[in-house]
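K.L.:
Pulled from TrEMBL, these are the listed features:
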- 21-39: transmembrane segment (TRANSMEM)
- 51-67: transmembrane segment (TRANSMEM)
- 88-113: transmembrane segment (TRANSMEM)
- 119-141: transmembrane segment (TRANSMEM)
- 148-165: transmembrane segment (TRANSMEM)
- 185-202: transmembrane segment (TRANSMEM)
Amino acid sequence: MPSTLKRLVGLELKANECSTSLIVLGCGLLMPVVFTMTPSNLAQAAMPGELFLPLLTIFAFGSLFLPEQTVEIGAVINSKQTQLWWLYLLRFIWYAVVLAMLATVLIGVYAFLNVGVNLLILWFDFVVKIFLVGSITVLSYSLLRSLAVAYLLPTAYFALCIGYRYLGAVNIMTFMRHRAVSDNWIQLLLAGLFLAISFLSLKSRPVRG
């Protein structure tokens, strides 16, 4: 099992994750163009992480469920030594790390420019958004088994957060709506619940033949 999993990790990262990750990181370079890097308050500083990162999250985590694109990866999956849900979990961890790194770089830029807000709280806010939106994406696919739905539902949720002010603690525009930081803990708990349901569902899915 360890050697099979190691082989799967190498094949998977080379075949699928690298290109998507480069696109995500490349789009991340647009943040200094679209948003000010010298915000005057917390709401303004939160805009890149609460408006732009969720869109990148939907794009990245939606690709978790793309068909296995190489014969080698298919062979490992079909060997039945590695279940398909392991592949999804590997992809989820990878993209979560990539997006968290992007959030960390953004916070680092704020720190370098001496932005006068609590950067630790802001970083936590950004990471929670990644996990919440990512968990909704995974949950959408795991329950309905539709790639289109995996993109559509989190996008609809994101649009609802922008246009509807009364979602309370589950609105990802936490600091932009001047909500309390405690909302992030509620969102993190929801993300954990959604991920648990998702991967339990995916684990029961038959291996592709």
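Start at 1 and count along the chain as shown; that gives each residue its number.
Glycine is no exception: its Cβ is also placed from the backbone N, Cα and C atoms.
Note that the structure is a prediction, hence the values are computed from the model and not measured.
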K.L.:
Are the transmembrane segment (185-202) and the transmembrane segment (119-141) close enough to be called in contact, which here means at least 3 C-beta pairs under 8 A that are separated by 6 or more residues?
P.N.:
yes
K.L.:
Under 8 Å between C-beta atoms and at least six residues away from its ends: which parts of the chain pack against the transmembrane segment (88-113)?
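P.N.:
Distant Cβ neighbours of the transmembrane segment (88-113) are 8-9, 12-13, 16-17, 20-21, 24-25, 28, 31-32, 37-39, 45, 48-49, 53, 56-57, 60-61, 63-65, 119, 122-123, 126-127, 130-131, 134, 138, 195, 199, 202.
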